[in-house]
């Protein structure tokens, strides 16, 4: 029984979004510190180096550049923490995708809560705003969530960079964000304690709902804009939904089976080439099956997913004709102690998840066959 009775909403103190925002990085970082370690992977450095270097130099902020290894693992966190310590940094900036940003958050925490700046170059996850990191093993399997005392001091999103990325990134972000409402309503109905540390507020639930509504209204337009690599009002709205609305919604309302099943899926090497939101989308379908969602709701989910290009079948994420044991292994990982699957308002077993994955896959295939 949940004994928590207080409601809570947490968020970053500042969120900046717009085309060309990366060139404003220096003026914002200078308000937080004067010595920054900036981490990004090699490919990201290739297109942000000039803007970051010039912006920080103009603001009088000392810069230490670090190449991120690609996964948010304890080994990588320890390595970059040592770099930050040697540099005497008072700010750590993570630029790129969710794993780079989560690593920056973990480094900031390890260094005694120095200022953290989250600067996503893609709108592929809701990681940038949160006070937690997803830690992986060296071979890419989910290991644990790591929780921090506060959210990043600044989240800065350059939508010109978002538009310049392959459209798969923003579509994957829609998959992550789509789960926000479905998981939030379950957690609120079950009176679950959210990752923020309290029950959901009306504001956080409204943000989760607005996230869903924004995706339904503008998701297809945003995908088309991303395919053309242009910034449009729809792309701006969906970037905000994927990043800010989803981030605040999940953290202050809660995660449930959709993300638990995502974590379970990571035990299969077959899905390691898939993006976070793509795997979450399969988890969302399985959660809807577990809930006994009506046909209209399933069709709304399937139609949206097909329209924007999110996977809905197991084969689309690499699980072609999985055997029962393979699905049960995913189910066991998804129902491990501490998993968010246990935020569902009823007991969920590995067998139930295996069944939901199979049923969801069959529904998705039937829907695709009927609707062409």
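Residue numbers in this text run from 1 along the chain shown.
Positions of Cβ are set from backbone N, Cα and C atoms, glycine also.
Looking just at the domain 'Alcohol dehydrogenase iron-type/glycerol dehydrogenase GldA' (12-159), the mean pLDDT is 97. Residues or ranges marked as domain 'Alcohol dehydrogenase iron-type/glycerol dehydrogenase GldA' in TrEMBL: 12-159.
Neighbour list (residue 136 (NAD(+) binding site), Cβ cut-off 8 Å, at least 6 residues apart, same chain): 71, 72, 73, 99, 142, 143, 266. Positions annotated as NAD(+) binding site by TrEMBL: 41, 98, 99, 100, 101, 102, 121, 122, 123, 124, 130, 132, 136.
Annotation source TrEMBL lists glycerol binding site at 126, 176, 259, 276. Secondary structure from DSSP puts residue 126 (glycerol binding site) in coil.
Counting residues per DSSP class in helix, strand and coil order gives 57 helix, 44 strand, 47 coil for the domain 'Alcohol dehydrogenase iron-type/glycerol dehydrogenase GldA' (12-159).
Note: the Cα of residue 176 (glycerol binding site) and the Cα of residue 101 (NAD(+) binding site) are spaced 16 Å from each other. Using a 10 Å Cα-Cα cut-off from residue 41 (NAD(+) binding site), none of the binding-site residues among 126, 259, 276 qualify. Taking only the Cα positions, the spacing between residue 130 (NAD(+) binding site) and residue 259 (glycerol binding site) is 15 angstrom. The Cβ of residue 99 (NAD(+) binding site) has 24 neighbouring Cβ atoms from other residues within 10 Å, across all protein chains displayed. For the glycerol site, whose binding residues are given in the record as 126, 176, 259, 276, the maximum C-alpha distance rounds to 12 Å. Between the C-alpha atoms of residue 276 (glycerol binding site) and residue 101 (NAD(+) binding site), the distance comes to 14 Å.
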